[in-house]
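S.K.: Before I ask anything, let me first share the structure, which is written out below as C-alpha cells.
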Amino acid sequence: GIPVCGETCTLGTCYTAGCSCSWPVCTRN
C-alpha cells in the first residue's frame, strides 16, 4: 500500500518485483 515503487501502471502492469498496481501507480504493502 505504500507508493514507493517509483513506477506508474497506467497500462495495468508493474515490472518492479514485489509491487502491485494500484492505478495509476505501483505500490508495495
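Yeah, the Cβs are placed from backbone N, Cα and C, and that goes for glycine too.
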S.K.: Pick from Cys9, Cys19: the cysteine that Swiss-Prot pairs with Cys21 in a disulfide bond.
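M.R.: Its disulfide partner, as Swiss-Prot records it, is Cys9.
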S.K.: Could you measure between Cys5 (disulfide bond) and Cys21 (disulfide bond) for me? Cα positions, answer in whole angstrom.
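M.R.: Rounded to the nearest whole number, the Cα-Cα distance is 10 Å.
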S.K.: When you measure from the Cβ of Cys5 (disulfide bond), how many other Cβ atoms are you left with inside 10 Å?
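M.R.: Excluding its own Cβ, the number within 10 Å is 20.
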S.K.: Roughly how many Å lie between the Cα atoms of Cys14 (disulfide bond) and Cys21 (disulfide bond), rounded to a whole value?
M.R.: 6
